[in-house]
Amino acid sequence: MRGHRMGEFSMYKRVSSRDFTVAADVEDNSVFSQSILDQEIANPSWRLSLPHVLAATLSAFLFGYHLGVVNEPLESISLDLGFNGNTLAEGLVVSTCLGGALIGSLFSGWIADGIGRRRAFQLCALPMIVGASISATTETLAGMLLGRLLVGTGMGLGPPVSSLYVTEVSPPFVRGTYGSFIQIATCLGLMGALFIGIPAREIAGWWRICFWVSTVPAGILALSMMFCAESPHWLYKQGRTAEAEAEFERLLGGAHVKFAMQELSKLDRGDDSDVVHFSELLYGRCFRVVFIGSTLFALQQLSGINAIFYFSSTVFKSAGVPSDLANVFVGIANLSGSVIAMVLMDKLGRKVLLLWSFSGMAVSMGLQVVAASSNMLGSGTLYLSVGGMLMFVFTFAIGAGPVPGLLLPEIFPSRIRAKAMAVCMSVHWVINFFVGLLFLRLLEQLGPRLLYTIFGTFCSMAVVFVKRNVMETKGKSLQEIEIALLPPE
């Protein structure tokens with residue numbers, strides 16, 4: 001991996017004229033000087049930053065786990081807490097965490113910039129531990145909702161901080177691969193929640209175990225951050241240059257520290273310490289990148305991905321597939337697409353994967369529209385509907401799922417990166433909430449054919465938007481991307 005595309009990834013090339021004066025003056029030593037040059041051009045070892053990235057992805061695992069933790073045990077929870085048959089209460093248990101997630105995401109940027117990335121992770125883990133403990137021990141619906149709200153705040157804080165951290169500590173030549181770990185960890189969290197929840201129907205009180213289990217990775221996240229590197233970009237913004245150099249050495253190796261610091265110093269640091277006002281994200285020279293980021297997350301949710309997840313069990317049930325097996329099929333499609341994205345992210349690039357992904361999702365929605373047509377035979381309709389649904393999940397996981405969370409921290413300038421991510425994630429949660437709230441009602445009033453046509457139209461709009469507005473960031477340093485998007489005035 002170190003030798004992969006050396007000429008393309010030259011971020012860490014540490015060659016100064018002073019170091020090679022003798023070699024340049026003495027032609028007989030040209031071979032020797034070339035060997036030194038080749039050694040200096042080599043990319044930093046990916047092994048140094050990997051443990052820090054893996055620790056950060058625990059927050060994504062927890063995010064996925066808490067999204068799915070109540071799916072299987074919901075019936076048992078409603079029986080034990082006395083709200084069985086109350087669909088409003090059941091809906092609140094599922095969706096209260098979304099309200100908490102909106103709160104957490106709104107403040108995530110200011111928290112990450114105020115106390116640093118590592119402490120933000122620890123702050124993210126705290127409400128997840130407390131909230132899960134309350135949910136696991138409660139005897140009332142109110143206690144369950146309080147626990148879910150607290151967990152939701154951690155869920156809202158975790159993803160933007162995780163995307164920030166992974167982007168800022170990863171070498172450019174593996175940043176896309178590492179960014180894909182977030183999506184894979186989310187998939188594993190979802191599948192883990194579904195797997196652990198299977199005995200809930202057979203064993204009384206098992207749902208309490210499901211909540212207790214989540215406190216283990218949350219505790220590991222909080223503890224592991226004590227030993228992980230802080231983001232050198234954040235340290236540099238705070239004026240702590242020596243500490244930034246030390247962290248670069250931990251993440252990249254001593255041979256690459258000098259050039260990494262030179263890359264940071266290319267950007268004007270004069271206003272980095274100033275307070276970023278919310279209005280700066282909506283007006284002026286930064287508006288375009290914030291608009292691109294917010295629109296990407298909006299189109300991601302308007303594509304209908306969460307509606308497909310909500311409705312998948314009904315489609316599979318109509319095809320005679322048990323809900324447990326349906327969840328396995330959807331989980332495999334999601335995970336396999338995420339793994340492929342990890343392999344291709346730094347080879348094909350972010351923009352290509354986004355175009356492929358949204359195009360495939362549009363085609364999948366077209367299959368759903370055909371399946372909803374009354375002209376199709378019954379068995380053909382079911383197979384086409386199930387196939388289209390699995391294809392939709394798979395193509396979503398290839399690009400539209402993992403890329404926005406990676407691409408946005410790359411295109412945002414260092415000064416506004418954390419707060420711009422908070423704004424974009426808030427857009428994500430608001431649209432997520434309304435899609436979940438209105439999907440079933442729209443399905444009843446509009447019918448599946450028209451609703452899937454609307455989702456397919458948004459996917460097609462996303463293809464056009466990505467082609468016209470998204471730049472490729474593969475292999476570029478964060479500083480190179482910032483200068484390209486926002487050249488100095």
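Heads up, the Cβ atoms here are built off N, Cα and C, so glycines get one too.
What TrEMBL says about this protein:
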type	residues	note
TRANSMEM	48-68	transmembrane segment
DOMAIN	52-474	domain 'Major facilitator superfamily (MFS) profile'
TRANSMEM	88-108	transmembrane segment
TRANSMEM	120-138	transmembrane segment
TRANSMEM	178-200	transmembrane segment
TRANSMEM	289-313	transmembrane segment
TRANSMEM	325-345	transmembrane segment
TRANSMEM	352-371	transmembrane segment
TRANSMEM	383-408	transmembrane segment
TRANSMEM	420-443	transmembrane segment
TRANSMEM	449-466	transmembrane segment
Could you tell me whether the transmembrane segment (352-371) and the transmembrane segment (449-466) are in contact, taking contact to mean 3+ Cβ pairs under 8 Å with a sequence separation of 6 or more?
yes
Would the transmembrane segment (120-138) count as touching the transmembrane segment (325-345), i.e. at least 3 C-beta pairs under 8 angstroms with sequence separation of 6+?
no
To the transmembrane segment (120-138), which of 88-108, 352-371, 383-408 is linked by the most Cβ pairs under 8 Å?
88-108
Considering only the recorded stretches 88-108, 289-313, 383-408, 420-443, state which has the highest number of Cβ pairs under 8 Å to the transmembrane segment (178-200).
383-408
Excluding the flanking five residues on each side, which residues at least 6 beyond the ends of the transmembrane segment (88-108) place their CB within less than 8 Å of a CB in that stretch?
66-67, 70, 74, 77-78, 120, 124, 127, 141, 144-145, 148-161, 418, 421-422, 425-426, 428-430, 432-433, 436-437
Mind checking which residues of the chain, 6+ beyond the ends of the transmembrane segment (289-313), have their Cβ under 8 Å from one of its Cβ atoms?
281-282, 323, 326-327, 330, 358, 361, 365, 389, 392-393, 396, 400-401, 404, 407-408, 411-413, 416, 420-421, 423-425, 427-428, 431-432, 435-436, 439-440, 443, 452, 455, 458-459, 461-462, 465-466, 469-470, 485-486
